[in-house]
């Protein structure tokens with residue numbers, strides 16, 4: 001490494017002030033520079049805006065740097081972190097914004113897309129999975145709850161680790177965990193394993209949001225940060241569109257699947273679970289070709305690696321712009337002294353491998369917890385409280401309505417379905433052969449003598465206070481069908497799914513059950529009504545206008561003016577686009593001064609967001625069929641609260657990422 005360092009003629013150190021550029025080339029370097037710039041004499045070229053008196057962009061950047069340097073000299077002493085932030089901003093301006101950032105944008109966008117997909121997977125497969133896995137109402141509720149709880153744990157865990165272990169490293173591990181366990185969940189044949197695999201999958205994907213925003217922001221210069229983080233948020237919405245569209249196309253296609261006896265069933269909803277993990281797989285592959293954040297490396301005294309990455313960014317961008325002759329002129333970067341890593345290495349230099357691993361892990365946990373505690377320090381306590389209130393209010397409203405609206409539609413459908421029920425009173429049927437479906441019927445005080453029910457489907461059928469005598473039920477499939485307070489006399493049930501629990505307070509007299517259908521089965525006629533996919537698809541599609549608006553106007557209007565404006569907040573909920581963008585920028589509003597806590601704070605706030613999602617989903621769902629006004633008023637009140645608190649935050653458009 002030392003030999004390579006001298007060949008490159010650059011110096012990286014932490015003991016001097018300043019941020020330097022190469023002023024002189026060695027003879028060999030000078031020749032190389034001359035060859036690279038042959039035919040590009042800058043004195044012969046004229047900036048096209050010079051005639052109009054428009055300053056050249058390089059002149060504007062130089063003026064901005066001079067102003068920052070003047071502020072530093074006029075102001076009080078700055079910390080090492082603040083000085084590094086200003087140096088790093090200058091370097092990123094020299095590297096420019098181009099091919100490298102757009103490639104990283106796509107890779108990280110796929111990771112956010114995977115997070116968006118994860119929020120929909122269980123909701124889409126539940127109508128099929130509840131039949132395929134024989135789920136009770138309590139088990140269905142737990143499966144829906146575990147998604148957000150696991151993502152909450154993942155956000156808290158990975159957000160803290162990313163500030164100490166590295167953004168890229170943690171994101172790779174998190175996505176890897178999500179891919180592995182999401183894949184395994186598609187093959188799980190019982191509820192316990194499916195729940196366990198989805199739990200671990202959620203813990204993995206929970207790390208994407210807190211890491212992605214911190215990771216990407218460290219490759220952006222100040223004037224690009226707000227706009228491009230807003231565009232990045234769009235991928236979360238695209239994830240919802242992708243999940244809705246693929247579920248719509250795959251799950252109702254029952255021919256897609258295979259069966260190996262009664263022990264292994266692989267229906268179409270399991271194929272959807274596999275397809276849903278593709279964005280995470282694509283992002284994980286892309287991350288293999290992306291570097292670690294150079295800002296993180298500088299903070300951890302890995303100067304050589306940081307310099308090489310910065311040079312790669314510079315060369316990639318300028319080569320793509322047709323200016324390969326531009327030379328990366330950074331010669332030295334001041335980085336703060338760090339004793340934490342040295343402390344870990346000193347403690348772990350001796351002992352057995354297990355002891356060394358234990359020391360590293362314990363020390364790492366202490367550092368992560370210390371970061372968490374720093375968010376409650378006197379300097380950040382108020383800002384952290386504001387952020388927590390805003391995130392909670394928006395997530396409570398957004399996820400609450402997201403659950404309430406489709407459930408309300410299904411409830412209205414069910415009411416309409418019930419209104420069309422056919423009632424039969426005191427009917428007497430003898431020696432009749434039923435070989436057609438019965439649907440949405442109630443039979444009261446009926447008598448059925450020597451009847452045959454063969455190869456038929458019973459859907460939402462109820463027999464009450466009825467008599468079945470000398471009847472035969474053969475090859476029957478049923479959904480929401482019950483016999484209540486009936487008398488079943490000398491009747492045979494052969495190859496049916498009419499189990500004992502479907503006979504409520506019934507008297508069985510010489511009834512026989514033979515070759516009953518084992519396990520559960522899918523109802524291909526109702527459980528996967530396309531309405532749930534259509535509503536989710538259109539809801540996700542409606543998100544994009546809000547995201548585009550925020551991206552186009554964030555730097556022109558100002559973040560606080562957009563976020564804090566009450567009308568825009570209400571509009572944001574209606575089109576569902578701004579909440580994700582708000583989440584991304586609220587952290588930037590107070591973390592520009594605390595670099596080491598970026599991912600930690602994102603993780604903590606995103607965990608709070610998932611907690612609000614759990615509470616919002618539960619509270620709003622309780623009003624389904626009870627009231628339409630209360631959920632709307634709750635959502636409105638939460639948005640008003642978040643908007644008013646947002647007005648107290650500073651605007652950070654011209655703030656350097658400290």
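Using the three backbone atoms N, Cα and C, a Cβ is placed for every residue, glycine included.
Sequence annotations record features per position, and here TrEMBL assigns region 'Disordered' to 21-55.
Through the fold, the transmembrane segment (102-129) approaches residues 135, 140, 143-144, 147, 151, 171, 175, 178, 182, 194, 198, 201-202, 205-206, 208-209, 212, 215-216, 219, 228, 231-240, 242-244, 247, 251, 267-269, 272-273, 276-277, 279-280, 282-283, 286-287, 290, 522, 527-529, 532-533, 536 of its own chain, all at least 6 residues removed from its boundaries and within a Cβ separation under 8 Å. Summarising the annotation, TrEMBL assigns transmembrane segment to 102-129 (among others).
Residues annotated as domain 'Major facilitator superfamily (MFS) profile' in TrEMBL: 104-653.
According to TrEMBL, the feature transmembrane segment maps to 141-161 (among others).
If you look up TrEMBL, you'll see 173-189 (among others) marked as transmembrane segment. Outside the transmembrane segment (173-189), and at least 6 residues removed from its termini, the chain residues within Cβ reach (under 8 Å) are 111, 114, 118, 121, 133, 154, 158, 197-198, 200-208, 211, 263-266, 270-271, 273-274, 276-277, 280-281, 283-284, 287.
Long-range contacts of the transmembrane segment (195-216) within the same chain: residues 104-105, 108, 111-112, 114-115, 118, 122, 139, 142-143, 146-159, 162, 167-168, 170-171, 173-182, 184-185, 188, 228-229, 232, 236, 280, 293, 583-584, 587, 598-599, 602-603, 605-607, 610, each at least 6 residues beyond the stretch ends and with a Cβ under 8 Å from a Cβ of the stretch. Residues annotated as transmembrane segment in TrEMBL: 195-216 (among others).
According to TrEMBL, the feature transmembrane segment maps to 228-251 (among others).
Per TrEMBL, transmembrane segment is recorded for 271-290 (among others).
Summarising the annotation, TrEMBL assigns transmembrane segment to 380-401 (among others).
According to TrEMBL, the feature transmembrane segment maps to 531-554 (among others).
Annotated transmembrane segment per TrEMBL: 590-623 (among others), in sequence order.
Annotation source TrEMBL lists transmembrane segment at 629-647 (among others).
If one looks beyond the transmembrane segment (271-290) by at least 6 residues along the same chain, the residues whose Cβ comes under 8 Å of a Cβ in the stretch are 103-104, 106-108, 110-111, 113-114, 117-118, 121, 124-125, 168, 171-172, 175-176, 178-179, 182-183, 185-186, 205, 239, 242-243, 246-247, 250-251, 256-257.
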